[in-house]
Amino acid sequence: MEPRGLMGGFYKISEWIMRLAVINVLWIICSIPFVFFAWGGLMMGPANADDQAIMNQLYTALVFMGIVAPFTLFPATAAMFSVARKWVMGETDVPLFKTYFRSYKENYFQSMIGGIAYTLLFGIMIVDFIVYQKQLNLMSYIFIALLLLLVVSLFNFFSMLAHYHMKTFQLLKNAVLITIGKPIRSFSTAIMAGVVFYMSTRFTFLIPFFMGSIIAYLSFWNFHLIYQKLQEQAEKAKQLQEEEDEFVELADEGQNPTNK
């Protein structure tokens with residue numbers, strides 16, 4: 001029997017801490033090649049290395065991160081979003097390991113293809129940003145905004161992959177359309193993810209245990225609000241269409257529906 005009162009509150013908090021930590025650790029383990037190169041890029045060589053050597057090492061790390069990301073980071077993140085979907089939908093007691101690895105296997109191919117597409121887009125955007133940053137003009141800020149939109153669309157891609165059965169191209173297209181079509185939700189997702197990321201850089205213990213899983217939960221929660229709103233609009237449109245069809249049918253039969 002689940003405890004109540006203050007102890008019940010502590011029990012629920014400890015359960016959520018455990019859930020978030022387990023999924024975050026699984027996410028990192030399944031992304032080890034990406035994490036390895038990311039860590040190497042952060043180390044950036046010996047302290048006596050010049051700036052050019054550090055930048056060269058950073059660029060090399062980014063290249064290798066881009067190569068391994070579609071095959072490691074993206075499937076791992078897709079599985080994490082699938083578990084987050086269960087939580088948001090109210091299924092908080094699902095078996096974590098089983099749900100995670102089943103989703104990892106089921107969504108591996110689509111997440112890999114989507115990962116290749118997003119990695120190419122991120123690569124192009126980062127290169128353009130570096131080029132325009134040196135010129136110190138308005139374009140560098142525009143590319144920052146586009147990068148943020150791309151990140152939010154990536155979160156929406158993972159959310160849609162976890163929630164829908166669609167072809168990969170449809171997922172990519174709809175993720176971009178939702179991101180652009182719902183700017184307030186997109187902005188709020190970016191803010192929430194940014195706050196979690198910033199806090200994780202300030203308190204680094206959050207990175208291996210909570211950063212990814214919290215961002216996944218918040219991102220899918222925000223996406224689910226969009227989904228519910230779209231469902232309501234679709235149901236209203238369907239109801240109006242049915243009423244219109246009924247009116248046309250009665251008119252064809254020579255009846256006046258207002259005289260019933």
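Cβ coordinates are placed from backbone N, Cα and C, and glycine is handled just like the others.
Just so you know, TrEMBL annotations are computer predictions that nobody has curated.
Among the features that TrEMBL reports, compositional bias 'Acidic residues' is placed at 242-252.
According to TrEMBL, the feature region 'Disordered' maps to 241-260.
Positions annotated as transmembrane segment by TrEMBL: 20-39 (among others). Listed as Cβ neighbours of the transmembrane segment (20-39) (distance under 8 Å, sequence separation of 6 or more from its ends, same chain) are residues 61, 64-65, 68-69, 71-73, 75-77, 79-80, 83-84, 96-97, 100, 104, 208-214, 216-217.
What TrEMBL records for 59-81 (among others) is transmembrane segment.
The transmembrane segment annotation in TrEMBL covers 108-132 (among others). Non-local neighbours of the transmembrane segment (108-132) in the same chain are 62, 66, 69-71, 73-75, 77-78, 139-140, 143-144, 146-147, 150, 154, 157-158, 161, 168, 171-172; each lies 6+ residues outside the stretch with a CB under 8 Å from one of its CB atoms.
Sequence-distant neighbours of the transmembrane segment (138-162) (same chain, 6+ residues past either end, Cβ-Cβ under 8 Å): 77-78, 81-82, 84-85, 103, 107, 110-111, 114, 118, 121-122, 125-126, 128-129, 132, 171-172, 174-176, 178-180, 186, 189-190, 193, 215-216, 219-220, 223-224. Residues or ranges marked as transmembrane segment in TrEMBL: 138-162 (among others).
The transmembrane segment annotation in TrEMBL covers 174-199 (among others).
The transmembrane segment annotation in TrEMBL covers 205-227 (among others).
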Worksheet item: Where else in the chain does the transmembrane segment (174-199) make close Cβ contacts, counting only residues six or more beyond its ends and a cut-off under 8 Å?
Response: 148-149, 151-157, 160, 166, 206, 211, 214-215, 218-219, 222-223, 225-226
Worksheet item: By DSSP, what is the split of the compositional bias 'Acidic residues' (242-252) into helix, strand and coil residues?
Response: 11 helix, 0 strand, 0 coil
